[in-house]
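Shown next, in structure tokens, is the structure this report addresses.
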Amino acid sequence: MLSIIMSVFGLAVVAGVWGESVVWCLFMSVLLLLNSSDSGIWMISVIGEMDYVGWCLSLLSIWVVLLSVLGSKSIKSHSSAKGFFIMLSVSLLGLFLVSFYVSDFMFFYLGFESCLIPIFFMIFGWGYQPERAQAGIYMLFYTLFGSLPLFFLIVNKSNCGMGYMYDLGVLNSESIVFFVFLVGAFLVKFPMYSVHLWLLKAHVEAPVAGSMILAGVMLKLGGYGLIRFLPATVNAPSLFSEIILCLSLWGGVIVSLSCLRQMDMKLLIASSSVVHMSMCIGGLFVLSEWGFKGTVMVMIAHGLCSSGLFYLANVVYERSSSRSMAISKGLLSLMPSICLWWFVMLAANMAAPPTMNLLGEILLMVSLVSWSSKVMGVIGLLSFFSASYSLYLFSLSQHGNYLGSKSGFHSGYLMDYLICAAHWGPLNMFILCVFWLV
């Protein structure tokens with residue numbers, strides 16, 4: 001695994017050549033697949049180790065970053081700094097792999113926070129609007145200030161951060177302050193309702209690669225951190241866990257309602273990420289086996305689904321120069337083939353079979369209902385509104401009367417179809433090989 005991480009940073013040597021970068025990413029994907037194992041923890045070395053959670057998220061990182069590079073046609077064709085863009089992409093991929101691989105508290109924290117820097121430069125350098133600088137600074141302030149308590153906690157509890165991350169007894173405590181410090185950084189990055197505004201601003205201003213990586217992988221760092229550290233809070237007062245669980249679930253319902261009045265495609269897709277992650281937070285704080293496994297499945301499925309939706313939104317934006325569904329409507333008449341991909345991606349977004357979203361949400365629902373039957377109503381509302389805003393996005397963007405000025409649309413390039421298929425294929429095929437997760 002260490003050699004794979006070094007290979008990622010070695011991509012900077014060929015940063016100006018897109019073909020070699022793609023080949024290297026595919027090569028690393030094959031290496032990770034060949035190194036898969038059914039054992040609990042494998043690939044152990046001096047600086048780290050990896051289990052099935054880290055392996056799944058590492059493979060997801062490589063796949064999404066590869067597709068984001070392939071999907072950045074405008075940067076490849078028109079930008080004079082495409083080499084710097086590739087360098088940012090592979091640096092981000094390397095930091096993701098480091099975060100999912102290391103077993104040291106401080107190395108994990110450094111990788112966890114360093115991922116913000118390449119994303120910030122992507123938003124600032126290739127964002128669409130003048131407000132992109134404000135969005136990037138907003139993201140940095142939210143996530144950095146949210147994670148500072150975690151930094152002080154790691155330094156205080158684990159010999160200046162040089163502790164073994166899987167030895168959770170080091171962090172075990174019954175203090176409420178300890179609980180807030182430990183989970184706060186991950187809840188901001190996940191993100192939970194009430195600390196999610198940075199995500200909406202970042203998505204709206206980010207280029208397509210930034211949005212794909214942000215939704216597909218970056219949010220999963222928060223979930224990965226909770227999976228690793230949340231078992232250390234078993235002795236903490238349960239009241240605080242219940243408050244976070246209820247706030248997350250009801251916050252998901254509120255954000256779902258706000259999705260039903262959105263006219264901005266990217267803002268609606270970004271808000272739907274908060275809804276999906278709210279159920280994951282609930283499943284994690286139940287501290288059950290099915291809750292943890294359901295969260296892993298939903299994170300992987302959401303990473304593929306949301307990345308694909310952001311790419312489709314960019315396909316529309318490149319042709320209409322607008323993200324508004326009031327302007328970019330009637331796409332069924334203009335781009336019928338792309339309309340099919342909108343349908344299958346939004347069907348996956350509402351957890352339709354046979355996607356991996358369905359199995360993951362079933363496991364989360366079972367774990368939440370087994371914790372308390374009182375949450376059945378909230379779960380029902382989340383599922384209903386998730387389907388509602390997905391159908392709302394499809395019907396409003398694909399149907400209706402289109403403007404005459406858009407009659408010259410290109411129906412779609414081969415690369416568009418390949419990238420959509422590369423998102424949708426694993427989303428449906430992974431359900432065939434998740435028996436080892438259950």
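In case you wondered, yes, glycine gets a Cβ from its N, Cα and C as well.
The domain 'NADH:ubiquinone oxidoreductase chain 4 N-terminal' annotation in TrEMBL covers 1-96. For 104-384, the entry in TrEMBL reads domain 'NADH:quinone oxidoreductase/Mrp antiporter transmembrane'. Annotated transmembrane segment per TrEMBL: 7-32, 52-71, 83-102, 108-128, 135-155, 175-199, 206-227, 239-260, 294-317, 329-351, 371-394, 414-437 (among others), in sequence order.
In this model, the domain 'NADH:ubiquinone oxidoreductase chain 4 N-terminal' (1-96) carries an average pLDDT of 66. Between the transmembrane segment (371-394) and the transmembrane segment (135-155), the number of CB pairs under 8 angstroms, six or more residues apart, is fewer than three, so the stretches are not in contact. Within its own chain, the transmembrane segment (329-351) has Cβ neighbours under 8 Å at 272, 301, 305-306, 308-309, 312, 315-316, 319, 357-358, 360-361, 383, 386-387, 390-391, 393-394, 396-403, 406-407, 409, 411-412, 416-417, 420, 423-424, 427-428, counting only residues six or more beyond its boundaries. The stretch in closest packing with the transmembrane segment (52-71), judged by the count of Cβ pairs under 8 Å and taken from 83-102, 108-128, 175-199, 206-227, 294-317, is 206-227.
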